[in-house]
Amino acid sequence: MSSSEEDDGYVPFSKRPEWSDVKPLAQDDGPHPICPILYSEVFKDKMNYFRAILKSKEKSLRVLDLLEEVIQENPSNYTIWYYRREVLKAIEQDETIEYDIQQEMNLLNDMGETDPKNYQIWNHRRFIVEKYIGSDNKEKEFLSGVLLEDAKNYHAWSHRQWLLKTYRDWNGELAMVDKLLSLDHRNNSVWNHRFFVISNLNPSPFPLSLIEREVEFAFNHIRHSPNNESPWSYLKGLFKGQKISTIYPSLLDILLEMKSKYIGCSHVNSIILDIYQEQNTKISLENSLNICKLLSETIDPIHKNYWNFKYNTISDQLKLIN
């Protein structure tokens with residue numbers, strides 16, 4: 001062991017009395033390893049004892065302590081986390097062993113702060129919540145704190161949505177979305193979560209009253225930043241399974257007014273194009289073709305191939321009418 005590791009105060013397991021009955025099991029790389037990994041002596045020591053425990057299948061409190069030390073060395077090691085869950089399940093069945101599961105949550109909270117995008121930590125957290133904690137507002141509070149730090153943490157969003165669908169505690173979700181959008185209205189993760197919430201709280205397809213409310217919500221953000229794609233995508237999603245021209249015909253007039261105001265905005269033109277195509281009349285399809293040309297040649301030439309494809313598709317649609 002290096003002097004620096006000794007100076008850190010690390011005590012090898014071979015010098016810990018409570019581990020004197022365990023013979024460490026070294027990693028076997030074969031007689032002539034081509035490219036052996038240069039693990040630190042501390043890491044090798046911990047893993048050697050973990051291999052021994054894994055072989056003996058011991059499940060006890062001291063194993064939890066060992067696993068915590070190994071996890072600190074390599075938080076992404078799936079096998080360590082898996083065996084930790086097996087130990088926790090075994091301890092639960094043993095009436096002679098007491099273990100406060102809050103200790104597990106404390107470990108996860110601490111590790112989540114230093115490694116917030118580690119999948120294994122979040123996977124283990126879900127296991128603990130589902131098996132031992134259940135519906136607990138503290139979990140939502142914890143997630144709100146994580147998302148305030150990084151509102152694009154996929155694992156945090158995934159865990160929150162699992163929590164909501166499992167325990168059905170939707171209180172305050174839209175308010176939380178509003179708060180995060182006030183901090184960054186371009187965050188597509190937040191828009192996605194809002195859609196997730198309203199989709200779970202309302203029938204599908206959405207009723208007109210909800211659509212009108214959410215369209216106005218999207219417009220409030222669009223007026224602030226018309227080239228922000230997120231609210232436009234959200235707006236289009238509100239009409240999934242329904243025709244805009246049928247359920248909300250007045251929307252076209254609103255969009256045409258916005259089109260004249262937000263010159264060069266591809267998003268408003270794209271939705272107008274879709275509505276015209278839905279109407280499926282000679283005039284509306286001709287208007288669609290004009291928009292396709294405008295988008296491909298002037299407003300959005302980077303997606304020229306797509307708009308040309310749309311142009312050809314609508315041209316074929318127009319031929320069926322003529």
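Note: Cβ is positioned from N, Cα and C throughout, glycine not excepted.
For 1-27, the entry in Swiss-Prot reads region 'Disordered'.
The repeat 'PFTA 1' feature in Swiss-Prot is assigned to 62-95. Residue counts of the repeat 'PFTA 1' (62-95) by helix, strand and coil are 28 helix, 0 strand, 6 coil (DSSP-based).
Mean model confidence for the repeat 'PFTA 2' (103-136) is a pLDDT of 95. The repeat 'PFTA 2' annotation in Swiss-Prot covers 103-136.
The repeat 'PFTA 3' feature in Swiss-Prot is assigned to 138-171. Tertiary proximity for the repeat 'PFTA 3' (138-171) is limited to same-chain residues at least six positions away from its ends with a CB under 8 Å from its CB atoms, namely 109, 112, 116-119, 122, 125-126, 129-130, 180, 183-184, 187, 189-190, 192-193, 196-197, 200-201.
Taken from Swiss-Prot, the feature repeat 'PFTA 4' covers 173-205. DSSP places the residues of the repeat 'PFTA 4' (173-205) in helix, strand and coil in these numbers: 25 helix, 0 strand, 8 coil.
Look at Swiss-Prot and you will find 213-246 tagged as repeat 'PFTA 5'.
Taken from Swiss-Prot, the feature repeat 'PFTA 6' applies to 287-321.
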Q: Could you give the residue numbers and ranges of same-chain residues that sit at least 6 residues beyond the repeat 'PFTA 4' (173-205) on either side and whose C-beta is under 8 angstroms from one of its C-beta atoms?
A: 144, 147-148, 151-152, 154, 157, 160-161, 164-165, 214, 221, 224-225, 228-231, 233-234, 237, 239-242
